[in-house]
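Enquirer: The active site, proton acceptor annotation in TrEMBL covers Glu180. Per TrEMBL, ATP binding site is recorded for Gly219, Ala220, Ser221, Thr222, Gln223. Under the heading region 'Disordered', TrEMBL lists 1-26.
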Amino acid sequence: MHKPTFQRQHGDLKHRRQRTKQVPERVRYPATIGGASRILVWTRLFLADGCHPQYGIVLDAGSSHTSMFVYKWPADKENDTGIVGQHSSCDVRGGGISSYADNPSGAGQSLVACLEQALRDVPTERHAGTPLYLGATAGMRLLNLTNPEASANVLAAVMRTLAQYPFDFRGARILSGQDEGVFGWVTANYLLENFIKYGWVGRWFRPRKGTLGAMDLGGASTQITFETAGPVEDRANEVRLRLYGQHYRVYTHSFLCYGRDQVLQRLLASALQTHGFHPCWPRGYAAQVLLEDVYKSPCTVAQRPQTLNGSARVSLSGSSDPALCRDLVLGLFSFSSCRFSRCSFDGIPQPPVTGNFIAFSAFFYTVDFLRTVMELPVASLQQLEVAAVTVCSQTWAE
């Protein structure tokens, strides 16, 4: 198993390098690669010629929230791929657009404050030539599975709002899991200068180092993506890319229902079924659980009892039991069946894993909480496991 290293990144690429804190292990955990910053790869599709800087706007509609990123780049390219930097960003207030299934117009309205900021961040004379995209991820993929009509209404409302602004609106769509995984991998390696690097002599060059694999823990799904030398058994998990004049063969898979929020819902459903208490909650904590909220997600529908009073509430208490909590988590995964030569879990094929990985999004936030709030060492997988047991053993009062 590959050990983790931790890295937090902020601001533009220069400041990221200056302000990075590293621990010498093997998976890095940056704060801001997840979300729309991973969609910066889109910007290479609309680079234009000319002597003035170009701008692009990407809205990342994640399952729990939406973020807007404004990118800026020089007009020239390096081996047919643009050199892109983040100009500004804005976090949309409220939940993700999928949370507006019962109020689609609210999804569009929620974006207005950030779009108004974009009007200020992009020079007025550049508005008409600035591409504007929205990419929705696993939250909308889940909504589209359960209620396609609501999903379409939310996207339509969002598109109406975006089209009212003087930018070059290029569309809003639900990204596939494959897109999400590849965008995260490209962005992580771009920011770490694994594709191309600016040298002291004022020229871009290709560094002689390999790429990192990417592990992205979102709210509703988890993506695992890495470069592989040989062909992938299931071609649906293989993507070939050409970046800065180089060719890459990449394995990627998006595990729907394995994002942080959906895993917590699945654990809650499992606790209700098997224990009548929650071993992952601290002792001394209790909550009234509305059963309809637990089982309304497509991620928990398989655990839904045949006879269920959806309006019923159940009182559930925590027990601070790390061993039972671990067993509950392991029960979410299946390692038994695999019709390919090798699998990760749930029968999903995965080629041999080599090299280092970078972990981001909720991976980072979890590690950062343990390190900064709980003040626990988390520089290795062993320390991370000890920290998890320590926290899971504490009572609510502690």
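Cβ atoms here come from the backbone N, Cα and C positions, even for glycine.
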Enquirer: DSSP on the residue listed as 'active site, proton acceptor', three-state: which is it?
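Expert: DSSP assigns the residue listed as 'active site, proton acceptor' to helix.
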Enquirer: Fill in the CA-CA distance, Glu180 (active site, proton acceptor) to Thr222 (ATP binding site), as an integer in Å.
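Expert: Pair distance, Cα basis, whole Å: 10 Å.
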Enquirer: Which state, by DSSP, holds Ala220 (ATP binding site): helix, strand or coil?
Expert: coil
Enquirer: Would you mind checking how many other C-beta atoms are within 10 angstroms of the C-beta on Ala220 (ATP binding site)?
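Expert: Taking every protein chain into account, the count is 30.
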Enquirer: Which of Ser221, Thr222, Gln223 (the binding-site residues) has the most other Cβ atoms within 10 Å?
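Expert: The residue with the densest Cβ neighbourhood is Gln223.
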Enquirer: Tell me which residues of the chain lie with their Cβ under 8 angstroms from that of Gly219 (ATP binding site), as long as they are six or more apart in sequence?
Expert: Gly62, Ser63, Ser64, Gly96, Ala138, Gly139, Gly259, Arg260, Asp261, Gln262, Ala362
Enquirer: Using a 10 Å cut-off, grab the number of neighbouring Cβ atoms around the Cβ of Glu180 (active site, proton acceptor), all chains included.
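Expert: Its Cβ has 28 other Cβ atoms within 10 Å.
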Enquirer: Taking the recorded ATP site as Gly219, Ala220, Ser221, Thr222, Gln223, identify the other residues of that chain whose CB atom sits within 8 Å of the mean position of the site's CB atoms, giving them in sequence order.
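Expert: Along the chain, the qualifying residues are Ser63, Thr137, Ala138, Glu180, Asp216, Leu217, Gly218, Ser254, Phe255, Leu256, Tyr258, Gly259, Arg260, Gln262.
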